[in-house]
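These notes concern the structure reproduced below.
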Amino acid sequence: MAFKSLLSFVSVIGALQGANAALTRRVACPDGVNTATNAACCQLFAVREDLQQNLFHGGLCTAEAHESLRLTFHDAIAISPALEAQGIFGGGGADGSIAIFPEIETNFHPNIGLDEIIELQKPFIARHNISVADFIQFAGAIGASNCAGAPQLAAFVGRKDATQPAPDGLVPEPFHTPDQIFDRLADASQGEFDPILTVWLLTAHTVAAANDVDPTKSGLPFDSTPELWDTQFFLETQLRGTSFPGSGGNQGEVESPLAGEMRLQSDHTIARDSRTACEWQSFVDNQPKAQQMFQFVFHDLSIFGQDINTLVDCTEVVPIPADPQGHTHFPAGLSNADIEQACAETPFPTFPTDPGPKTAVAPVPKPPAARK
């Protein structure tokens with residue numbers, strides 16, 4: 001079903017792009033500079049410029065960009081049709097509840113630490129005419145666009161803001177089993193996000209870092225290139241873990257192959273699960289797949305709980321990211337001999353090893369106070 005949906009999505013996008021190029025009349029925006037296919041998108045140009053200059057440091061793939069993308073997931077995934085079927089409020093999905101009720105939702109265990117990016121984003125929401133729900137997803141898309149190699153992510157306006165907080169227990173934790181994570185995503189997506197699409201969604205970890213898994217360390221990247229949207233994450237999670245970057249023994253953490261690199265237990269187990277191991281390996285050195293599949297799942301994730309027929313597509317406002325940089329490689333000191341082969345169908349591909357002493361990964365600096 002997922003692949004049929006993707007084919008339909010790609011076909012529709014291609015048809016719309018062709019039709020738009022030939023038929024769409026653009027609207028002149030009130031700023032006298034920009035034009036848009038829908039007047040509702042005009043407001044986003046000012047939001048974009050404000051974000052780029054005053055939150056993302058002139059358009060950089062920094063901690064603020066990483067955390068803004070993370071926030072999109074933690075807001076959107078908080079929806080459960082299964083709870084609703086029991087007569088229990090199951091959350092509103094991509095409705096902004098995590099930022100509207102931060103005193104409640106940022107105290108949920110998987111959301112610990114997100115209060116910082118929510119506080120940084122508050123002044124931007126206050127000075128622009130945009131719903132909290134729309135802002136969270138838009139800021140995540142803009143933040144990701146600053147990471148070379150990323151896809152252009154979807155942006156919509158018209159979401160309804162939350163009127164009550166989401167219940168606890170709806171955001172997956174790094175210590176959850178694959179079955180728990182697969183079941184949670186299937187519930188939130190009404191069956192669309194199967195184990196394969198879960199792998200696609202985890203592509204976001206290519207530009208992610210952990211601030212709260214290890215209480216003694218912050219900004220621990222999940223791969224050696226957290227500033228790039230590449231496929232090193234998929235390669236490095238299949239390397240044999242040898243040590244912890246900090247105190248070790250923390251819930252949701254397993255040994256990683258590189259000094260300074262964090263490996264989540266959930267990434268480790270999904271990369272080695274028989275249902276997902278080959279899909280995981282298929283992302284290694286496949287940049288188009290790392291872009292297209294995440295673009296697809298983000299599109300759907302960003303509208304969980306919303307009626308797409310009431311939304312306006314403003315993806316054109318999101319910058320097209322820079323081309324990917326570098327090449328797939330084994331970090332210095334490691335090679336195919338260090339791979340824990342999990343896919344039974346296809347041998348792990350061979351790549352060059354970086355020269356020099358064994359790679360150590362620098363932490364991603366925590367966000368300083370954004371310029372108000």
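Going from the start of the chain as shown, residues are counted 1 onward.
Backbone N, Cα and C atoms are what each Cβ position is placed from, and that goes for glycine too.
Segment annotation: Swiss-Prot labels region 'Disordered' over residues 346-372 (candidates 157-183, 265-291, 346-372). Binding of Ca(2+) 2 is annotated in Swiss-Prot for Asp223, Thr225, Leu228, Asp230; the matching candidate from Thr203, Thr206, Thr242 at the same site is Thr206.
Here the Cα atom of Asp75 (Ca(2+) 1 binding site) is found 20 Å from that of Asn129 (N-linked glycosylation site). Each residue contributes its Cα atom, and for Ser97 (Ca(2+) 1 binding site) and His74 (active site, proton acceptor) those atoms are 10 Å apart. For the Ca(2+) 1 site, the Cβ centre of Asp75, Gly93, Asp95, Ser97 serves as reference, and the other residues of the chain with Cβ at most 8 Å from it are Ala76, Ala78, Ile79, Gly91, Gly92, Ala94, Gly96, Ile98, Ala133, Ala162, Ala166, Phe304, Gly305. Secondary structure from DSSP puts Asp75 (Ca(2+) 1 binding site) in a helix. DSSP assigns Asp95 (Ca(2+) 1 binding site) to coil, not to a helix or a strand. Neighbour density around each Cβ, counted as other Cβ atoms within 10 Å, peaks among the recorded positions Ser97, Asn129 at Ser97. In space, Asp95 is the closest of the recorded positions His74, Gly93, Asp95 to Asn129 (N-linked glycosylation site), judged by Cα positions.
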